[in-house]
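Engineer: Handing you this structure, nothing more for now.
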Amino acid sequence: MEPATRGADVLKPLPHTPSTPVAHMTRPRTAAMEAVEDIAYGSIAGVVGKYIEYPFDTVKVRLQSQPDHLPLRYRGPLDCFAQSIRADGFLGLYRGISAPLVGAALENSSLFFWERLGRAAIYASGYTPRDQPLALSALWMTGAFSGAMTSFILTPVELVKCKIQVPETKGGVVRAPLRPIPVIKDIWRHQGLRGFWHGQLGTFLRESGGGAAWFGSKETVTKLFRQWNERSAAEAGSSSRPAAANDDDPLPLWQQAVAGASAGMSYNFLFFPADTIKSRMQTTPIWEGPAQHRTFAAEARALWHQAGIKGFYRGCGITVLRSVPSSAFIFMVYDGLKKHLPMQ
């Protein structure tokens, strides 16, 4: 990630006189342009990551949302994959991806946008001088702030996604696959505006804690790689190599991928129980009104009585596995676009 102070830098052009023609003028970078980059490039990175991870996400949600009053339908991720492909074909795993694509664009652009604002706020508070990089502890804090703000955007999108991924059963009959617009209309008709934020507490816990882990792990691993590169360069007799001295220079591609993958694994593993409870809350039938919905605590108790601690981590393995390529590509695409296609 590039330093937050970059948005405050203004490059002054050389004075123009008739005897000294100006060959080149550099436009200043503004906070507004930084925000546009965050939104545009974060959206592109999010869409790329969503196409990679969506089949695994469908399996995860189906594993998480198995009813507590019935025998388990799936024995594990592989069995869920097999049953899903037999029933709907491989493309069935991409059922309802249109809403999640919009959600991924919103989520990632929002995460990068609010994380940059969090960095700027820390500099503005005087906690860290503007000419110094933020400490890792501060970067974990900006990640938590970013996730908390993003959760309010993400809950309605994930609610629609979960309704589509897990077919509803009414009177023992599985309803036909749902589509985003009818789902949105049904939620509004049965539950009103408030219904779109059903499961908000679970999303808030997952995103605030997960955001801290996502950005914090990425920056921690990046710092470790930079230190390792500096030591390697020094041992090779080239300690003045620019890549080791300048934190703005990109890491080698494989190191960027490892840093991004570590971010995804940390995000998905550490707060997975909150995500499980949220998924169960968001896959309740649409026709049930708010009065019939379980609270976050009630859903957690029901799951504990059904399956114990293992129930909270149902689908965790496949979720962590899918996050490795997804998060690696998200950060590589975002950082690559910011570096090679700056909006200046």
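Just so you know, glycine gets a Cβ as well, placed from its N, Cα and C.
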Engineer: Can you say which of 1-23, 231-253, 277-299 is given as region 'Disordered' in TrEMBL?
Structural biologist: 1-23
Engineer: If you average pLDDT over the repeat 'Solcar' (33-121), what do you get?
Structural biologist: 88
